[in-house]
Amino acid sequence: VLSIQVKCYHEIITIGYRVYHSYDLPWFRSLSWYFLLCVNYFFYGETVADYFATFVQRREQLQFLIRYHRFISFALYLTGFCMFVLSLVKKHYRLQFYMFAWTHVTLLITVTQSHLVIQNLFEGMIWFLVPISSVICNDITAYIFGFFFGRTPLIKLSPKKTWEGFIGGFFSTVVFGFIFSYFLAQHQYFVCPVEYNSETNRFVTECEPSELFQMKKYAVPPLLQAVLGWEMVNMYPFQMHSIALSTFASLIGPFGGFFASGFKRAFKIKDFADTIPGHGGIMDRFDCQYLMATFVHVYITSFIRGPNPSKLLKQLLILQPEQQLSVYKTLKSHLIEKGILQPSLRG
């Protein structure tokens with residue numbers, strides 16, 4: 001994920017250099033990469049602090065970095081900001097601010113989205129593989145249907161895209177996502193979140209699968225009963241969610257590609273780069289994936305993931321003993337008030 005992010009960033013930034021002829025601007029190429037390092041340091045530090053709290057607690061050298069992580073990140077960014085101001089040249093003010101804005105928008109598109117991809121990965125590989133495969137499937141099947149049956153243009157930004165390809169890609173992607181999810185949901189490696197085991201000092205993907213990945217019986221809608229001849233079917237609940245993911249990948253995901261097409265037309269370029277012969281740059285292949293990553297993260301936080309007791313416990317273990325005792329007393333009082341615990345009797 002990091003490698004793809006860096007390459008996509010490089011391709012977009014290079015377009016800015018070329019379009020605005022900014023090769024001679026003082027410090028700017030160095031500052032662009034410096035800002036990338038700063039933002040990545042911030043996001044990866046947040047991930048370590050969030051998911052590996054117990055691991056960090058055992059490493060004294062990391063405790064300082066995590067405790068003051070946001071201050072360090074801000075100080076690093078502030079250094080870059082001051083360097084940019086000091087680099088301003090009278091005859092290049094407007095051009096330098098153009099490139100400053102270009103850099104920050106590129107950071108927003110690439111680094112923020114890749115951070116969400118990594119968060120999705122920690123929820124389980126299936127939340128990464130199904131969405132990314134659905135986008136790839138839609139890209140391929142939309143091309144096939146468009147090639148053989150395409151007659152009606154879809155959007156002016158991409159003259160080769162047709163309604164026939166768009167609709168055919170949609171149905172193919174939904175079917176693919178449904179079937180692909182069935183096979184992945186059978187394996188712990190794909191469905192279990194990545195967690196740190198403090199006893200073995202290792203990161204593991206072993207768990208008791210949640211209800212999403214346990215086979216259940218569902219009644220077939222009456223309209224489909226006549227077609228399929230089934231009244232009940234066995235399937236994983238995640239397969240129902242895969243329909244939502246595939247629908248987004250095929251109906252909304254392509255707009256990431258349309259956006260990229262408009263961007264390239266605005267600057268009169270055919271591809272972002274020539275990294276892959278015949279296919280353009282890495283960004284040309286991942287223009288829809290970033291939009292998909294954001295949707296998956298929002299979908300998980302909105303409809304799937306509730307409070308995580310294991311994660312909360314890890315955070316409590318980092319607190320000082322007196323803080324832990326305060327939390328314990330507050331929680332105990334709350335449970336007694338709700339009648340879950342009986343008040344202790346003193347003799």
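Here the Cβ of each residue, glycine as well, is placed from N, Cα and C on the backbone.
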Given 238-260, 284-306, which one carries TrEMBL's transmembrane segment label? 238-260
By Cβ distance under 8 Å, which residues at least 6 away from the ends of the transmembrane segment (27-44) in the same chain are close to it? 2, 5-6, 9, 13, 17, 69-70, 72-73, 76-77, 80, 83-84, 87, 96, 99, 103-104, 107, 111-112, 115
